[in-house]
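Here is the structure we will look at.
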Amino acid sequence: MSESERSEGFPEGFAGAGSGSLSSEDAAELEALRREAAMLREQLENAVGPQSGLRSARDVHQLEARIDSLAARNAKLMDTLKEARQQLLALREEVDRLGQPPSGYGVLLATHDDDTVDVFTSGRKMRLTCSPNIEVKELKQGQTVRLNEALTVVEAGNFEAVGEISTLREILADGHRALVVGHADEERIVWLAEPLVAAKDLPDEPTDYFDDSRPRKLRPGDSLLVDTKAGYAFERIPKAEVEDLVLEEVPDVSYNDIGGLGRQIEQIRDAVELPFLHKDLYKEYSLRPPKGVLLYGPPGCGKTLIAKAVANSLAKKMAEVRGDDAREAKSYFLNIKGPELLNKFVGETERHIRLIFQRAREKASEGTPVIVFFDEMDSIFRTRGTGVSSDVETTVVPQLLSEIDGVEGLENVIVIGASNREDMIDPAILRPGRLDVKIKIERPDAEAAQDIFSKYLTEDLPVHADDLTEFNGDRALCIKAMIEKVVDRMYAEIDDNRFLEVTYANGDKEVMYFKDFNSGAMIQNVVDRAKKYAIKSVLETGQKGLRIQHLLDSIVDEFAENEDLPNTTNPDDWARISGKKGERIVYIRTLVTGKSSSASRAIDTESNLGQYL
């Protein structure tokens, strides 16, 4: 019988398996199986030969079954051997991996035409070769590379992500090096990594200017991630410290959203919008536009709202002049959180002010109006020499003065300040040429209060059916009557509305009513309280809609909440914040119904200013 005939019935590859790949025991067993299979095949051939009549059919089937069994056993053995071989290879790879020597890392400094590279590693600058699988032309300066035990570059990594923070002073003429200032004002020259070199071709500002995390061209003052040992700067780090203090937005507040301040709105539009919209006329008349505006007055009367509306209106008007789409109008409203500018480290507050104005100038140079709004201006720019626990104002105020009208001019930048203690702001800031325009935001009178109420009580609000019936279902007329009635109640000089009796230093006495301390914020609070009562009424009775009684009850509750707020410890300071100026106040007595007369107290020298209204 031929070799091919002997191999029939065995798995592929079995016939070629010899002692070279199997142990001696396995080879002997395979040889025995071969001989037995050959013998069985020979018996089978004899059984089906010319003398097959002497064999029974059952013997033939038994032989065939035995051959099949041997073939299956042979196949199973081959699978086991293959699996064992694969496991052996995997274990060998694991042993080789665990036995590899440690790899080092370095920073790529330069590449050369002969496929060698300069690498900084372990404090040394070395010229190394690269593995054949490394594309030297694709390597970038400043990139991290992995080295084997023979100091051959075997893998390219990313740029370093940790290191020291340094401030960029200037980029040198070659464009690949920069002067940076590190810890303790230490100056050093560093190389710029490839991403920073490529940033030279980017626009000077991102589309959203104050999104400092977006790629843009480097400029002095930027914070850079630096590896001082390798001498490389890898990345520009966004200045979160300034972003926390500056809120950049295009406000959505318009003049139509402000009630009761028509005269003040006209004043600020004349001061801010006219110079931007009619530059030619101002130039023809040699008229210099104002550099700043001060909004002062009692709390809650709309100073911040007006500042936001200025930015919104100015952006739209500029878009109209340029022929742009008003919906895409752009202006920048920098809302400076005044108290957060203060820092315990000497010079930090001044540095923040410099950065804010530097960035405002850069954006304004493109012709886009920039409004810098200082809220609570008295907190950081108070009169020099009046500090109790610190003298920080002696350096902060001069910094602002130099920014507003120093050697560097302010073009397309308007400074708006807001304060309810304008008497505490340094006079040098308030003089003409700095904050030129001073606009007093007064407390609303009855007419202004009706205008403010109309902003919150609109015709789309649900009104109770009984109130609508009185006006034959005319919703507009019903709302108007509600406003008139609630304003009459709020501004009536009746005993229920008496608030305080003040005694001046000259002995004169004056009764003050709640209307003397009204504000836009209080009116909004009254309306919100009435809406809450209407909601509770729906839940309790099922009757839906706002009623005039809800508004009247809200006025009573609002007045009751404010009866304990006047500061009787130092009434003169309290009166200044509340908007009452003039003769010095020495006594305050609350006149709210049900309040005892023991609340009267003389002014004394205590430094505690107490609760302000």
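Residue positions begin at 1 at the first shown residue.
Placement of Cβ uses the backbone N, Cα and C atoms for every residue, glycine included.
Looking at 1-29, 204-232, the stretch flagged in Swiss-Prot as region 'Disordered' turns out to be 1-29. In the three-state DSSP reading, Thr304 (ATP binding site) counts as helix.
Annotation for Cys301 (ATP binding site): spatial neighbours Leu261, Ile441, Glu442, Arg443, Pro444, Ser519, Gly520, Ala521, criterion Cβ-Cβ under 8 Å with sequence separation of six or more. The residues near the ATP site, meaning same-chain residues not in Gly300, Cys301, Gly302, Lys303, Thr304, Leu305 whose C-beta sits within 8 angstroms of the mean position of the site's C-beta atoms, are Leu295, Gly297, Pro299, Ile306, Ala418, Ile441, Gly520, Ala521, in sequence order. For the coiled coil (23-100), the mean pLDDT of the prediction comes to 77. Its Cβ taken as reference, Lys303 (ATP binding site) is surrounded by 25 other Cβ atoms within 10 Å in the chains shown.
In sequence order, Val253, Asp257, Ile258, Gly520 are the residues near Leu305 (ATP binding site), counting only same-chain partners six or more apart with C-beta under 8 A.
Here the binding-site residues are Gly300, Gly302, and the one ringed by the most other CB atoms within 10 angstroms is Gly302. Taking a C-beta cut-off of under 8 Å and a sequence gap of six or more, Thr304 (ATP binding site) has these contacts in its own chain: Phe373, Asp375, Ala418.
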